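Here's what Swiss-Prot has on this protein:
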type	residues	note
ACT_SITE	83	active site, proton acceptor
BINDING	11, 12, 13, 14, 15, 16, 17, 18	ATP binding site
BINDING	113, 157, 158, 159, 160, 161	substrate binding site
BINDING	138, 141, 170, 173	Zn(2+) binding site
(Lines of atoms letter the chains of each structure in order from A; the text may use other names.)
(Lines give C-alpha, C1' and ligand atoms only; values in the text may rest on other atoms or scores of the structure.)
Protein backbone atom coordinates (compact mmCIF):
# COMPACT_ATOMS: atom_id res chain seq x y z
CA UNK A 1 0.00 0.00 0.00
CA UNK A 2 1.23 3.47 -0.81
CA UNK A 3 0.11 5.12 2.45
CA UNK A 4 -2.68 7.12 0.88
CA UNK A 5 -6.03 7.09 2.60
CA UNK A 6 -9.25 9.03 3.20
CA UNK A 7 -10.46 10.29 6.58
CA UNK A 8 -14.07 11.51 6.62
CA UNK A 9 -15.40 13.79 9.38
CA UNK A 10 -19.17 14.22 9.17
CA UNK A 11 -21.91 15.64 11.36
CA UNK A 12 -24.40 18.49 11.71
CA UNK A 13 -23.73 22.20 11.86
CA UNK A 14 -21.78 23.32 14.95
CA UNK A 15 -20.39 19.86 15.72
CA UNK A 16 -16.74 20.90 15.32
CA UNK A 17 -16.01 19.38 11.90
CA UNK A 18 -13.81 22.25 10.68
CA UNK A 19 -12.07 22.44 14.06
CA UNK A 20 -11.31 18.70 13.88
CA UNK A 21 -10.09 19.06 10.29
CA UNK A 22 -7.70 21.84 11.33
CA UNK A 23 -6.51 19.79 14.34
CA UNK A 24 -5.70 16.81 12.13
CA UNK A 25 -3.91 18.88 9.49
CA UNK A 26 -1.85 20.65 12.19
CA UNK A 27 -0.90 17.26 13.61
CA UNK A 28 0.54 16.24 10.23
CA UNK A 29 2.30 19.62 9.92
CA UNK A 30 4.03 19.01 13.26
CA UNK A 31 5.25 15.69 11.84
CA UNK A 32 6.76 17.64 8.90
CA UNK A 33 4.22 16.58 6.27
CA UNK A 34 3.56 19.07 3.49
CA UNK A 35 -0.08 20.03 4.01
CA UNK A 36 -2.69 22.07 2.15
CA UNK A 37 -6.32 22.84 2.91
CA UNK A 38 -9.08 23.62 0.43
CA UNK A 39 -12.31 25.45 1.17
CA UNK A 40 -15.43 26.00 -0.89
CA UNK A 41 -15.01 29.43 -2.48
CA UNK A 42 -18.69 30.37 -2.23
CA UNK A 43 -18.38 30.22 1.56
CA UNK A 44 -17.25 33.77 2.31
CA UNK A 45 -18.94 34.20 5.70
CA UNK A 46 -15.84 35.25 7.61
CA UNK A 47 -13.26 36.20 4.94
CA UNK A 48 -10.48 34.37 3.13
CA UNK A 49 -9.13 31.09 4.38
CA UNK A 50 -10.82 28.33 6.32
CA UNK A 51 -12.77 29.58 9.35
CA UNK A 52 -14.47 27.80 12.20
CA UNK A 53 -17.69 29.11 13.73
CA UNK A 54 -15.70 30.26 16.75
CA UNK A 55 -13.56 32.41 14.42
CA UNK A 56 -10.37 30.32 14.23
CA UNK A 57 -8.68 30.89 10.88
CA UNK A 58 -6.49 28.58 8.79
CA UNK A 59 -4.92 29.30 5.40
CA UNK A 60 -6.69 27.56 2.51
CA UNK A 61 -6.93 27.41 -1.26
CA UNK A 62 -10.39 28.25 -2.59
CA UNK A 63 -12.33 26.37 -5.27
CA UNK A 64 -15.81 25.39 -6.40
CA UNK A 65 -14.48 22.22 -8.06
CA UNK A 66 -11.57 20.27 -6.65
CA UNK A 67 -10.24 19.43 -10.11
CA UNK A 68 -9.46 23.15 -10.47
CA UNK A 69 -6.71 22.93 -7.82
CA UNK A 70 -5.00 19.73 -9.03
CA UNK A 71 -1.89 21.53 -10.28
CA UNK A 72 -1.59 23.63 -7.12
CA UNK A 73 -1.57 20.62 -4.80
CA UNK A 74 0.78 18.17 -6.54
CA UNK A 75 3.61 18.72 -4.05
CA UNK A 76 1.48 18.19 -0.94
CA UNK A 77 1.11 14.86 0.85
CA UNK A 78 -1.82 15.82 3.11
CA UNK A 79 -4.95 17.49 1.71
CA UNK A 80 -7.63 18.87 4.01
CA UNK A 81 -11.02 19.70 2.48
CA UNK A 82 -13.64 21.74 4.34
CA UNK A 83 -17.35 21.85 3.41
CA UNK A 84 -16.81 18.73 1.29
CA UNK A 85 -20.53 18.34 0.63
CA UNK A 86 -20.46 21.32 -1.74
CA UNK A 87 -17.82 19.95 -4.14
CA UNK A 88 -19.46 18.05 -7.03
CA UNK A 89 -16.26 16.07 -7.70
CA UNK A 90 -15.45 15.19 -4.07
CA UNK A 91 -15.69 11.40 -4.48
CA UNK A 92 -13.55 11.12 -7.61
CA UNK A 93 -11.00 13.63 -6.31
CA UNK A 94 -10.54 11.94 -2.94
CA UNK A 95 -10.25 8.46 -4.45
CA UNK A 96 -7.68 9.68 -6.99
CA UNK A 97 -5.59 11.51 -4.38
CA UNK A 98 -5.63 8.56 -1.95
CA UNK A 99 -4.67 6.19 -4.77
CA UNK A 100 -1.74 8.51 -5.54
CA UNK A 101 -0.52 8.09 -1.95
CA UNK A 102 -1.93 11.26 -0.42
CA UNK A 103 -3.71 11.54 2.92
CA UNK A 104 -7.09 13.20 2.34
CA UNK A 105 -9.10 14.57 5.27
CA UNK A 106 -12.64 15.73 4.49
CA UNK A 107 -14.99 17.65 6.80
CA UNK A 108 -18.60 17.71 5.59
CA UNK A 109 -22.23 17.82 6.52
CA UNK A 110 -23.70 14.34 6.13
CA UNK A 111 -27.28 15.55 5.83
CA UNK A 112 -29.20 18.57 4.61
CA UNK A 113 -31.51 20.64 6.80
CA UNK A 114 -34.23 18.24 5.53
CA UNK A 115 -32.26 15.23 6.88
CA UNK A 116 -31.55 13.96 3.37
CA UNK A 117 -28.08 12.82 2.20
CA UNK A 118 -26.03 15.89 1.27
CA UNK A 119 -25.18 15.55 -2.42
CA UNK A 120 -22.78 12.63 -2.87
CA UNK A 121 -20.76 12.98 0.36
CA UNK A 122 -22.08 9.69 1.75
CA UNK A 123 -20.58 7.93 -1.29
CA UNK A 124 -17.20 8.54 0.36
CA UNK A 125 -18.01 6.26 3.30
CA UNK A 126 -17.17 2.94 1.57
CA UNK A 127 -13.98 4.50 0.15
CA UNK A 128 -12.74 5.88 3.49
CA UNK A 129 -10.36 4.20 5.89
CA UNK A 130 -11.68 6.30 8.78
CA UNK A 131 -15.16 7.79 9.30
CA UNK A 132 -16.09 9.90 12.32
CA UNK A 133 -19.59 11.24 12.92
CA UNK A 134 -19.54 14.14 15.35
CA UNK A 135 -22.54 15.47 17.23
CA UNK A 136 -23.35 18.97 18.41
CA UNK A 137 -25.43 20.19 21.34
CA UNK A 138 -29.12 20.75 20.67
CA UNK A 139 -29.68 24.49 20.70
CA UNK A 140 -33.21 23.96 22.06
CA UNK A 141 -32.97 21.30 24.80
CA UNK A 142 -29.16 20.91 25.17
CA UNK A 143 -29.08 17.14 24.49
CA UNK A 144 -26.90 15.49 21.83
CA UNK A 145 -27.72 16.90 18.39
CA UNK A 146 -27.28 14.99 15.14
CA UNK A 147 -29.23 17.25 12.79
CA UNK A 148 -29.05 20.73 11.27
CA UNK A 149 -32.27 22.77 11.26
CA UNK A 150 -32.63 25.80 9.02
CA UNK A 151 -34.31 28.88 10.42
CA UNK A 152 -36.74 30.39 7.92
CA UNK A 153 -38.65 29.04 4.96
CA UNK A 154 -35.97 28.98 2.21
CA UNK A 155 -35.93 25.54 0.54
CA UNK A 156 -32.79 25.80 -1.63
CA UNK A 157 -30.19 23.26 -0.47
CA UNK A 158 -27.04 25.38 -0.82
CA UNK A 159 -27.61 28.29 1.54
CA UNK A 160 -24.36 29.04 3.35
CA UNK A 161 -24.80 30.51 6.79
CA UNK A 162 -23.99 30.21 10.45
CA UNK A 163 -25.88 30.55 13.70
CA UNK A 164 -28.01 33.26 12.09
CA UNK A 165 -29.54 30.69 9.71
CA UNK A 166 -29.11 27.25 11.29
CA UNK A 167 -29.42 25.40 14.57
CA UNK A 168 -28.12 22.03 15.63
CA UNK A 169 -30.99 19.96 17.04
CA UNK A 170 -31.76 16.53 18.45
CA UNK A 171 -34.33 14.21 16.90
CA UNK A 172 -37.18 15.32 19.20
CA UNK A 173 -36.58 19.04 18.68
CA UNK A 174 -36.24 18.53 14.92
CA UNK A 175 -39.61 16.79 14.76
CA UNK A 176 -41.35 19.14 17.22
CA UNK A 177 -40.45 22.33 15.38
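Including glycine, each Cβ sits where the backbone N, Cα and C put it.
Note: the ATP site is recorded as 11, 12, 13, 14, 15, 16, 17, 18; in the same chain, 109, 134, 136, 168 also have Cβ atoms within 8 Å of that site's Cβ centroid. A gap of 10 Å separates the Cα atoms of residue 12 (ATP binding site) and residue 138 (Zn(2+) binding site). According to its DSSP assignment, residue 11 (ATP binding site) is in a strand. The Cβ neighbour count for residue 11 (ATP binding site), using a 10 Å radius over every protein chain in view, is 24. Residue 18 (ATP binding site) has its Cα within 10 Å of the Cα of these recorded positions: 83, taken from 83, 138, 173. Neighbour counts of Cβ atoms within 10 Å were taken for the binding-site residues 13, 138, 141, 170, 173; the minimum is at 141. Take the CB of residue 17 (ATP binding site) and look out to 10 A: across all protein chains shown you find 27 other CB atoms.
Of all the binding-site residues in the list 113, 138, 141, 170, the shortest Cα-Cα distance to residue 15 (ATP binding site) is found for 138. The 10 Å shell around the Cβ of residue 15 (ATP binding site) contains 25 further Cβ atoms across the protein chains shown.
Comparing the Cα of residue 138 (Zn(2+) binding site) with the Cα of every entry in 11, 14, 16, these being the binding-site residues, the smallest distance points to 14. Taking Cα separation as the measure, residue 17 (ATP binding site) is nearest to 83 of the recorded positions 83, 113, 141, 170, 173.
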